[in-house]
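Engineer: As listed in TrEMBL for this protein:
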- 37-57: transmembrane segment (TRANSMEM)
- 63-82: transmembrane segment (TRANSMEM)
- 94-114: transmembrane segment (TRANSMEM)
- 126-148: transmembrane segment (TRANSMEM)
- 169-191: transmembrane segment (TRANSMEM)
- 197-215: transmembrane segment (TRANSMEM)
Amino acid sequence: MRTLESIKYLFPYLFLGHLVGDYVLQNSYIAMRKNKDIRVLTLHIVIVFLSQLSFIFGEDLTLKSFGAIVILSIAHFFIDIGKFLCKKRFCQTWYYYLIDQSFHIATLLIAAIYLGKDVQPFLERFFVVILSVAVFNGYFLSILVHFITSNGIYKRDYVGYLMRMVAPIFYILNIYAFVIYALACLILVTIKPSKSIILNYLTTIVSTIILLEVML
């Protein structure tokens, strides 16, 4: 029971730190070069480390929590080094992407169990949960759908990011607001139908419901 409480309490902070460092703060140069240049990969890991640290930062930041983030970042490096070394087509598929991110999520869960409630971050947990779901919808799902549809070279779609990132806000307001949001997505899909757009908004609606129900 204490393990589940630890995961539920701290995981959103670690999850958001991972998402911001691995997606939001990763520009096109890092995304293109980190699998080819060890120096760029190292820079990426430093950014992830700083992102993770910033979201668990609080008055009681201890050597234990700092060390946990260091170890988490090292684990991130070794997970990413697999993609760095892998030159096979398999490593460019959507299922490898899910496997890769599953390993990252597993390390976050382990860190959450280890740290428990010893860490008291400054940021309000409710806000962190909403923000983590927003970033997950905007960035993680966008790249996953890109891999599935193989729709050319991936380009950041900031309008699409915004449309998907507001989903948790509507869900939190009330069920009617979320239904209106879902209908708006349906209209958008009807106006400009494509496999990638349909998958993006379908997965956004599903992930919003599941992640918020689990983390809140």
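Using N, Cα and C of the backbone, Cβ positions are placed for all residues, glycine too.
Caution: TrEMBL annotation is automatic and unverified by curators.
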Engineer: Checking distant contacts: for the transmembrane segment (197-215), what same-chain residues at least six beyond its ends satisfy Cβ-Cβ under 8 A?
Structural biologist: 8, 11-12, 129-130, 132-133, 136-137, 141-142, 144-145, 148-149, 160, 163-164, 167-168, 171-172, 178, 182, 185-186, 188-189
Engineer: When you scan the chain for residues with a C-beta under 8 Å from the transmembrane segment (94-114), skipping those not six or more beyond its ends, what do you find?
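Structural biologist: Hits for the transmembrane segment (94-114): 3, 6-7, 9-11, 14-15, 18, 22, 68-69, 71-72, 75-76, 79-80, 82-83, 140, 143-144, 147-148.
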